[in-house]
Structure formats: C-alpha cells, structure tokens
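A.B. asks: Input: one structure, supplied below.
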Ligand SMILES: NC(=O)N[C@@H](CC(=O)O)C(=O)O
Ligand SMILES: [Zn+2]
C-alpha cells in the first residue's frame, strides 16, 4: 500500500528553470528534490517528461452553480474542470440559489468540495443578504464556520451603497477577511450589454461605460483608505482602472486586483457576429484596454489572474446577444490564455506565471497551504505544464457541465498534463508531447 500522497514525480523543471529533477512526495509534502531519486516503497510514479513544474493554481473567482443550477455546474464538475486547468484551490462565488449569505450554505459548499476532493473549494460569502445590497450578511458567522470563509463578495452585483460598503469594509478589517468588489455602478449600466464604444454603437448594442467600473474602483479605494481596510477588485477591465490602482498604491492604499483570461485575450471586435458566447460582465473592452491590462499584470499593478468561470446552459447563451446571459467558462483554458497573452509575448516568464496564477492569489486571501514555493517541506500542490504542446478546445469535451467557452475550436498553446493536490493526482492527460503522435494533447485519464 502506498502511503497517502506518496508519489515520485520524475523529470520536471520547477518554474521551467535548470535541468530536470525528480520530486519525491510523502504524505502530501515534498520530501526531496534531486536527481535520480528512488521511488519510496509503493509510491506512484508520475513521469514529467522534462516539462515545467509549477505550484498549483489558485482561482479567486469561480462560479460553481451549486446549490441551485446544478444543470450548468456542480461542485464536482467544476472541481474536475479546475483540476484539469491546473488548479488546486478555487473560491466559489456566492451568487448561487439560494445565495451563500449564511454559514449553513457556505459550510455546505465547503463540505461538498471536501467530499469531491479534487481541489480545495473555498466558498465565498455574500456581503449582503440575498446580494440585495441592503443589509449586511452575517460575515462573522461565515468566517467562524467550518468553511472559515476568507473572501466575501456580492459578485454578479456591486455592493453599490457607499454606506453599506463602508461598513462592510470596517467589518472585514475586524474579522481579518477580504471583500472582492464587482465594480459596476448599476445606474450607469441599466440595459447595458457591451462595452460603450464605437463597436457597440455600430452594432446597436447598449453600451456599458468604463466609468461604471472606474467610479466604483476609485470610491472603494477611498473607502478602504478611510477604514484602514484592504479591498480586492474583481475582473478589472479598463485601462483607467489600471491607472486608479497605480494611484492607490502610491497612496499606500491596500487595493489588490485580478484580471480574467478573456479580458487579456479578447476585445469587443469579437462582437461583430452577435454570438451570445461573447457576452460577459464586465464586457470585452477595446484593444487599448487589453494591452494596458497585460502590461499591468506583468508589472504587478494587477496582482493575479482569476477566471470568473461562469457556466451557463446552452439555451441561455445561444439566443440573441442582448438576451444571452453574461459569463463564459474559464477554468480549463486559463493557463493557455496566459501562455498566449503573457508568456509568448515575453511579458511573463514561468516564475511570473507562478506568481500571478498561484502565489499572489493565495497571499491575497491568506491561504497558507497554497501558492507555496516548490521546496522540501512544502505541501505538494503542483501542476505539470507542457509549454510546447498545443490543444484544440472543444466545448463539449470540457469537464464543465456547460460549454460556453469563447475559445471553441481554437488551438491554444500550453497544456496542463498533471495536477496534484497534496500529492494526489487529481487530473492527468494521457501521454506527453514527446511521446504522443503528432504532438497533440492526449486524452484525460
Ligand atoms: N461575469 C459574468 O458575466 N457573470 C457572472 C457574474 C459576475 O462575475 O459578474 C455569473 O455569475 O454568471
Ligand atoms: Zn462579477
């Protein structure tokens, strides 16, 4: 019998640096890193094929849809999608049905995640009851529950009332937790479906102005300053938000921010087809915003990548653009989009990928067992990535229960081969690029 989590990972290059090494794992912890290590008795051997070893990714923004919309995603299907994407921890947003605004629900989601066991599922608690923006939820009860909720958000909706947001920030400081704000002034986005720019005007789509986001980012930075609290900006989407973050940092205000893969790769030129798959909140912006977001991520002004994985049923996405639900899948394609937009553009090296996909998100929420360096004594939350191997996305083949990926039929660079959670293999592709005929990505085992 192999000890729990007893694995020998052969032939991998931590952070893509140096000669390949072996990594031995016992009881979920890295016990040795070196050349030609012998497998401990009964250990599972994972062949790395000379590929890159990174710390497992941490997603601060995942929609798992359980409870309530299990037809589109469950904790299990979303966990599988996460593991295949190289993730070892995800933060499951609170806009479920019922809303995760109390400890009964956050603890329920946490337990479901534990039972599935493919990824650490950290439920996000709602900031306000029912996401209605009027009355603060019992944040303390959720923080003290079994799930030990660390991140709170009304995501999908903005905590719009400044008085409520001020109070929530004060509470979050006292509780040692973090609020992630979906920055959108709802009075500026009534009926809006697309970025407020020339494309939307030409296509006759109601525009969502940059100011709807930026005014809330600025306001919340000031509220955080006055409360002496931290605040996190979900899915930053404009060049102006980048400038505001930069300004806030110069003031010593503790604002962190995430960017989604789709805002790094796509822009509103995608809307020409009126395909509902491209509808998302905040909307795909202009090329200049996209380039500013990439530069900000490289520079560290934006801290991390978060997927905003938002599964929807096909009948909710296939309709006329303005009727389609906003949101797109992200977990299984995030690494590839980061490779395409950041690594292949020489904006990030693999240390940088580890920083934005794993280390910074873990630090931002205060996870002490994720986003750790690949060193002896650290938990073996790891992912092996083949940078040379491309794969073609097929919506219906994804582990997600939904198939609303904007990358359907696209061939993307960079493939996740194996993911390990505390030394246990949670996802594995069959075959490595150097052994798979045609260099195509192998099937998931
Ligand atoms: N991003 C989206 O367009 N949709 C998200 C909510 C959100 O993150 O705003 C969803 O829950 O579907
Ligand atoms: Zn949102």
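Yeah, the Cβs are placed from backbone N, Cα and C, and that goes for glycine too.
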A.B. asks: Looking at TrEMBL, 63, 64, 65, 95, 312, 326, 327 are annotated for substrate. Which of 278, 281, 344 sits in that same site?
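C.D. replies: Looking through 278, 281, 344, the residue TrEMBL assigns to the substrate site is 281.
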A.B. asks: Given that TrEMBL lists 61, 63, 155 as binding Zn(2+) 1, which residue among 303, 308, 346, 349 does it place in the same site?
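C.D. replies: So, going by the record in TrEMBL, that would be 308.
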A.B. asks: Of the candidates 35, 235, 262, 263, which does TrEMBL annotate as part of the Zn(2+) 2 site that also includes 155, 182?
C.D. replies: 235
A.B. asks: Just give me the nearest neighbour of residue 308 (active site) among the binding-site residues 61, 64, 155, 281, Cα to Cα.
C.D. replies: 61
A.B. asks: By a simple count, how many Cβ atoms lie within 10 Å of the Cβ of residue 155 (Zn(2+) 1 binding site), its own Cβ left out?
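C.D. replies: Total other Cβ atoms inside 10 Å, all chains included: 26.
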A.B. asks: Going by C-alpha positions, which of the binding-site residues (61, 63, 155, 235) is nearest residue 327 (substrate binding site)?
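C.D. replies: Spatially nearest to residue 327 (substrate binding site) by Cα position is 63.
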A.B. asks: Ligand 2: which of the binding-site residues 61, 63, 64, 182, 326 have a Cβ closer than 6 angstroms to it?
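C.D. replies: Near ligand 2, sequence order: 182.
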